[in-house]
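Asks: A single structure is presented below for examination.
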Amino acid sequence: MPSLRGKAQTVLGPVEPEHLGYTLTHEHLAMDYSCSFSPPSPGQEPLSDGPIEMKNLFWIKQNPYSHKENLLLYQETDAVKEELLRFKAAGGGTIVENTTTGIGRDMNTLKKLAEETGVHIIAGAGFYVDSTHSSQTQAMTVEQLTGIIVDEILKGADGTDIKCGVVGEIGCSWPLTQSEHRVLQATAQAQSQLGCPIIIHPGRHSDAPFQLIRILQEAGADVSKTVMSHLDRTICDTKKLLEFAELGCYLEYDLFGTEFLHYQFHPDTDMPSDNDRITRIRILVDEGYEDRILMAHDVHTKHRLMKYGGHGYSHILKNIVPKMLIRGISQDKIDKILLANPKRWLTFK
Ligand SMILES: CCC(=O)NCCS(=O)(=O)O
C-alpha cells in the first residue's frame, strides 16, 4: 500500500496539501444526532415534534437539542450541497467532516457531495461518545479498536472503499468512561502507526482537555498532530486556556455561529458569542499561539443551515474574517489559522 506521508487524504483520494485551500476543520454534512435528544422543559413537549417553522425557530435556536427533526441533518443533503457551493464561492476549499461511528457517518454521501461540489471533504475515522458505543465496541480491546481505525484510513469505512483522512472526532464524556479510554489509546496507536491527524471532542469540564492530552501522550500519540475541539465551551478561563495552550496541540474554536442564552448540555457554562470567540483567539494570537489555532462552525443540526435561517458553512469566511480584521487580527494571521495550520495538521507525517 503506498504511503500517505506528505499527503492529505480526502474521500476522493490523496491530494497534495497545497490544494486544500481555506479549510474548516470541524463540520458535519450528514449525521444523526438523535443520541443527544434532550427532553424539553415541562409544558414545552408539543414543541419537540413537527417541522421547523418560522413561528418555532426562536425556540429551536434556544433549545436545539429538544426538537426531534432538528437533529436529523442527514435529511438535508440537497441544502448541504447548495451551502457547500456557497462556501466554495466564498473562497473555501476543504471541509473536515467529523462524523464518526455512532452518529450516522455516511461515506457514500460524503463522496457524492465532494464529486458534485468540488469541495475537498476529509472524513473522520473512529468512534463518538460512550453512549453511542455498541456492545461490540464496548467489548473490544485497544488492539481491535486500533485495527478498525487503521482500516478506516487505509482500506475504507463502513463497508465502502472510501477512506477517512483524520481520526475523530473521538467522543469523550466527563468523566471519561473505560470504553472511551480504550478508544483514545487506540487513536494514539493508529496515529503513531500512520502519522495521521487526530481530533478530540472533550467532555464538558475544563480539566478534560488536560486529561485527554495526557492519556494520548502516554499511549504514544504525537500531540503536535492533535486537535482539541470545542474549546469555546470547555475552557472559559484565560489563565487556564494559556496553560492548556502550552501543551502543544491545536486549539480549536469550532462553534462559530452558535449563540444562545442557555447551553442545554451544560447549563453552568455561558456559551460565548462569536465576539467572545474572536476575543479569545486574539488573546492566543497575542501570546504567540497563531500557529496552533483552528476555526470551524461544527454544523450538526438543521437550524444552523441557511435553509432554516441559520449561518451555514460560509459564516466564518463571510462574516467572521472581516470582524477579526476589525479586531486587529491581520490577514497574515488569519491565513495561518484558516490555511496554513489546517494544511500542516492534515498532512500525514
Ligand atoms: C456531533 C456534534 C458535536 O458533538 N458537537 C459538539 C456539541 S457541544 O458538545 O460542543 O455542545
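Placement of Cβ uses the backbone N, Cα and C atoms for every residue, glycine included.
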Asks: So TrEMBL lists E169, H230 for divalent metal cation 2; which of H181, H201, H205 goes with them?
Replies: H201
Asks: Name the one residue among D298, D332, D335 that TrEMBL lists for the same divalent metal cation 1 site as H26, H28, E169.
Replies: D298
Asks: Just to confirm: which same-chain residues, 6+ apart in sequence, have a Cβ under 8 Å from the Cβ of D298 (divalent metal cation 1 binding site)?
Replies: H26, E27, H28, N98, S229, H230, D254, L255, T258
Asks: Which binding-site residues out of H26, H230, D298 lie by ligand 1, going by a Cβ under 6 Å?
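Replies: Within range of ligand 1: H230, D298.
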Asks: When DSSP is mapped onto helix/strand/coil, what comes out for H26 (divalent metal cation 1 binding site)?
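Replies: Assignment for H26 (divalent metal cation 1 binding site) reads strand.
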Asks: Within 8 Å of the Cβ centroid of the divalent metal cation 2 site residues E169, H201, H230, which other residues of the same chain have their Cβ?
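Replies: Surrounding the site, in chain order, are H26, N98, G168, I170, G171, C172, I199, I200, P202, S229, D254, D298.
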Asks: Work through the binding-site residues one by one (H26, H28, H230) and point out the residue whose CB has the fewest other CB atoms within 10 angstroms.
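Replies: Taking H26, H28, H230 as the binding-site residues, the minimal 10 Å Cβ count falls on H230.
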Asks: Using Cα coordinates, what distance in whole Å links H201 (divalent metal cation 2 binding site) and E169 (divalent metal cation 1 binding site)?
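Replies: Between the alpha carbons of H201 (divalent metal cation 2 binding site) and E169 (divalent metal cation 1 binding site) there are 6 Å.
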Asks: Where's the emptiest Cβ shell within 10 Å among the binding-site residues E169, H201?
Replies: H201
